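Accompanying notes for the structure given below.
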Amino acid sequence: MDGSTSSTNPVAAGAPMRPAEDPPPATHLHATFLIAGLCCSTLMTARLVLPSMALEQGAGAALTGLLAALFTLAPMLLNLRFGRWADRVGTLRPAMVSAGLIAGASIPGLLRPGLAQLLLAAGLIGAGTMFAHAVATRAVAQSSPTEAARARNLGTMLLFYALFQFLGPIAGAVALEQGGARLALAVTCLPGALALLLLGRGRHVFRGPAGATRAMPRRRGDLVMLPDLRRWLVTGSMFGAVLTVYPFVVSVHAAMIGLSTTQASLVLGACSAGTIVARLCVAPVVRLVRLPLALAAALMLGALVYALLPAMTGLGLFLAGSAVLGLSLGMGVPIALSLLMGTTPEGRANETMGLSMTLTNFIQTLLPLLLGTTGEHLGVAGMVWTMAAGMAACAVLAARGR
């Protein structure tokens, strides 16, 4: 696959997305990072806590796998439409809708706990989180005046993700063990309500229609005709799949080796800690190493950890492996996002993010279903080895990019 974008391409949807000429106040960017971190921490917490709640209520492996798949089914079906709508109306209204979905996911389960309510909560949390990530990425990238600033700002936003993804699962697990299902569900969805309050203050970089760019003419499927964009869509989707499937893998593997829910949350916390360390190093790395090569190295490191995960049968090994995986994800995700945004046609950033997350969600939907229905025979090994092979293949693809 050619790494260049031909000017004669039928989508010559033109130049990549144009960044802002004047950077916004730092406080507005930090508020945006906070809002995005609150929204996107919920999925990590829910992927750990909701399956545990379902198992406590008597759900079998297949139903638990269905619950895990619902986190990605709704966004997989709606990502593209949501992205195109956000390209038309700006990022503020979509951000408020996203936070509202997350906050509202707790209401049915708080009123009447049950397995059906958990399935509904999984769908709403999945959709709200994925949509929030798409519009936050667009808002931050569009507010960055240079490519270096875009990589740095996206890295900082993802650092906020890691901080909240460290705290969220621990808070959710403690709430479940100490206060029961209702408290755990409320704690899981509370960040959505807090994000809504912050969005209402207006001191952020989410914008209404006046801040939206004019969308270029489009045809269904034309984005994937751009070679560079296609390359980063594939590699970015693999990172997304690995990152959001991992809490489910941790939940199942921890149960298999006899760890408690709180211990499993510490394993996720180790991954988040590794992510934080890596994202603090993004700025110097991108100055020294060509972005595609840095991305390829991060993918290969993650593939190695995933391949060795079934051998991590004790808490210490599991914590160490999770921290190393966090280093891989922490370095790779902001670089992948920056490369993707750098090749996105102007006016189609949210649609591109929607397409990226649709690919990610497709992988995320199939893998938990496969693990849930055949887990007794394959265990975690079949799933993680498949992910390891996919990451290694994407590393080769990324290394060939420009």
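Here the Cβ of each residue, glycine as well, is placed from N, Cα and C on the backbone.
Per TrEMBL, compositional bias 'Polar residues' is recorded for 1-10. If you look up TrEMBL, you'll see 25-402 marked as domain 'Major facilitator superfamily (MFS) profile'. The annotation region 'Disordered' is assigned in TrEMBL to 1-23. What TrEMBL lists as transmembrane segment is 27-49, 61-80, 117-136, 157-175, 181-199, 232-257, 263-282, 289-309, 315-340, 352-371, 377-399.
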The transmembrane segment (232-257) touching the transmembrane segment (289-309) per 3+ Cβ pairs under 8 Å rule: yes
Intrachain neighbours beyond the transmembrane segment (181-199), with Cβ under 8 angstroms and 6 or more residues off its ends: 31, 34-35, 38-39, 41-42, 45-46, 49-50, 53, 56-57, 92, 95-96, 99-106, 109-110, 113, 121, 125, 128, 132, 164, 168, 171-173, 175, 206
Long-range neighbours of the transmembrane segment (157-175), counting only residues six or more past its ends (CB under 8 A): 32-34, 36-38, 40-42, 44-46, 48-49, 52, 136-137, 140, 183-184, 186-188, 191, 247, 261-262, 264-266, 268-269, 272-273, 275-276, 279-280, 326, 330, 333-334, 337
Most Cβ pairs under 8 Å with the transmembrane segment (61-80), selected from 117-136, 232-257, 263-282, 377-399: 117-136
Residues from the same chain, set at least six apart from the ends of the transmembrane segment (315-340), whose C-beta lies under 8 A from its own: 137, 141, 147, 150-151, 154-155, 157-158, 162, 229, 232-233, 235-236, 239-240, 242-243, 246, 250, 253-254, 257, 259, 263, 266-268, 270-279, 281-282, 285-286, 291-292, 294-295, 297-299, 301-302, 305-306, 308-309, 352-353, 356, 401
For the transmembrane segment (232-257), distant same-chain residues with Cβ under 8 A (at least six beyond the ends): 43-44, 47-48, 51-52, 55, 68, 71-72, 169, 223-224, 263-264, 267-268, 271, 295, 299, 302, 306, 309-310, 312-314, 318, 322, 325, 329, 332-333, 336-337, 339-340, 343, 352, 355-357, 359-360, 363-364, 367-368, 371, 375, 379-380, 383-384, 387, 390-391, 394, 397-398, 401
